[in-house]
Amino acid sequence: MSAIESVMQEHRVFNPPEAFASQAAIPSMDAYRALCDEAERDYEGFWARYARELLHWNKPFTKVLDESNAPFYKWFEDGELNASYNCLDRNLQNGNADKVAIVFEADDGTVTRVTYRELHAKVCRLANGLKTLGIRKGDRVVIYMPMSVEGVAAMQACARLGATHSVVFGGFSAKSLQERLVDVGAVALITADEQMRGGKALPLKAIADDALALGGCEAVKNVIVYRRTGGNVGWTEGRDRWLDDVCANQPDTCEAEPVGAEHPLFVLYTSGSTGKPKGVQHSTGGYLLWALMTMKWTFDIKPDDLFWCTADIGWVTGHTYIAYGPLAAGATQVVFEGVPTYPNAGRFWDMIARHKVSIFYTAPTAIRSLIKAAEADEKIHPKQYDLSSLRLLGTVGEPINPEAWMWYYKNVGNENCPIVDTFWQTETGGHMITPLPGATPLVPGSCTLPLPGIMAAIVDETGHDVPNGSGGILVVKRPWPAMIRTIWGDPERFKKSYFPEELGGKLYLAGDGSIRDKDTGYFTIMGRIDDVLNVSGHRMGTMEIESALVANPLVAEAAVVGRPDDMTGEAICAFVVLKRSRPSGEEAAKLATELRNWVGKEIGPIAKPKDIRFGDNLPKTRSGKIMRRLLRSLAKGEEITQDTSTLENPAILEQLKQAQ
């Protein structure tokens, strides 16, 4: 049974526990519907009410939504605020100064607690140091850092100055880092000597040096290095500076620079179907508002909660639900440097038990890998740990299959914790379709219903609504405050990617297929409709991987598709044509390993193909177009039932089938 069939045949319903619902921010479906009705009646008034209630404005806004240059929407445009002030200073003023903001656990298990007062001082010292280096409002700063308090502080320091940050995941290669440095026009890079993952030191500074050596980064005048391990690093005098030295003797107060609500808070790169990563630009006001609203609604955050989002700050989940949302909510959160399987696969459960985590938010891929580990070794099964502090569970990054959902519900939540299966994207800024833990009856594998104010729908290829029970294209019909503003430096690509004329130019295209239940109207996400793969919750463009493969001197041609994978959700499958004869046996295995490592070096380890098949050529139409639908069937091990009448070289299908 396919994953989507499994979800559509799922009829188990789990209602919110009464004790949870009684104290929840949104305690019932009636309360949910009332908020949806409010948004329907007065859309701008709905958003304006929350923006005024929840955020501190240096200059109050008078305009709510400007649609005059759609789809380049503007929210709260004449208002001014500062994201760092809203995350830190307000906590100093409202009695949270000595509350722990971050419980940091290093890879080796060392624990550090940082209060809001201490975090504020750390951020201010770094912001002052950046100012002395000439970094100002509007400058772009790339952050290539390990999971750390310093990584979060670097983001907050940029926001404090009005500098736009662009965080690059520490697992990306020198080439990927260089592309982002060039595209965003960075004037500074903040990195670390090394990062620790699973007991191993990874050389971030060396990769950063390689990236800068590739050229095009002449605007980068300062490289600031956090001393994480004390490992030896290369050094360029006049350019490289230790983070400690930049912050030394700086005052621990720094006035937060007010910026317009539409000022770019950050640019975060995500994979596109055309190969070149897209710089998703987010605003300050609308983004921060939704980060805080979803902390309150989806996570039902309370003053005594201990929140733990296991994402990396290099992804949007780490932006919204580590660097901004929890701090804006005045929450205490866990930040974890390591991996879930070190020193063993009980690490997450051990940390929940030791720290008494109450809200736990992780990826389905992590859950599936931990299920496998727990089944292999009873000693690291979650039932061996005291997880009684948990009151809410969440999933993010990809759809979760009902089987994994049930295991998570029973073995981690002890059948007492609602699960918020959150659908959202880099481009949406925060949750879009998700259960509300005190209100929504849960169905395993379904992300259920859109949040109030989010006008999600399912349409056909012409933009017309499809009836419940019919699959279609997921869209959002009205702009919302946290939405992507543009693709950095490429407004035309923004319009074409997200507001295509084929759908009328007014609907936000999520890029995912979806279906709504006939009876409940619940949404189930069916996967990407474009050439973007979702591997372990990470979006990877097929074109990007193909370009990396073809850059290898041995490769003439390559095509990449996805196939379902029990562990990672989707696995990368590459079909490769060499410039020489097709290898077989041990030679093919050896070459496949070489090409995997090549892709890992070009893009990063997450992009390594799981399967590589060699062929004399690829299945193509007579006009030379690669027939990817046939490759998808081959990758899945399915019989070819599609029409192959336009296929120029039918024999290649059997060859590629045998090549597995």
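Cβ atoms are placed via backbone N, Cα and C, with glycine included.
Residues or ranges marked as CoA binding site by Swiss-Prot on the basis of sequence analysis: R197, G198, G199, K200, T317, S536. Spatially close to K200 (CoA binding site) yet at least six residues away along the chain is no residue at all, judged by Cβ distances under 8 angstroms.
Less than 8 angstroms from the CB of W424 (ATP binding site) sit V396, G430, H431, M432, I433, T434, each of them six or more residues away in the same chain. As annotated by Swiss-Prot, ATP binding site applies to G397, E398, P399, D421, T422, F423, W424, Q425, T426, D512, R528, R539, with the evidence given as sequence analysis.
Reduced to three states, the DSSP call for V555 (Mg(2+) binding site) is strand. The Mg(2+) binding site annotation in Swiss-Prot covers V550, V555.
Summarising the annotation, Swiss-Prot assigns N6-acetyllysine to K625.
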Which listed residue (V550, V555) has most other Cβ within 10 Å, given these are binding-site residues: V555
Task: Determine, using Cα-Cα distances only, which of these binding-site residues is closest to P399 (ATP binding site): R197, G199, T317.
output: T317
Field: Candidates G397, T422, T426, V550 (binding-site residues) - the one closest to S536 (CoA binding site) by CA
entry: G397
Message: I need the CA-to-CA distance for V550 (Mg(2+) binding site) versus G199 (CoA binding site), whole Å please.
response: 34
- line: Within 10 angstroms of the C-beta of T426 (ATP binding site), the count of other C-beta atoms across all shown chains comes to 19
Message: By the count of other Cβ atoms within 10 Å, pick out the sparsest of the binding-site residues T317, T422, S536.
response: S536
Query: Nearest to G199 (CoA binding site) in three-dimensional space, by Cα, is which of the binding-site residues G397, T422, T426, V555?
result: G397
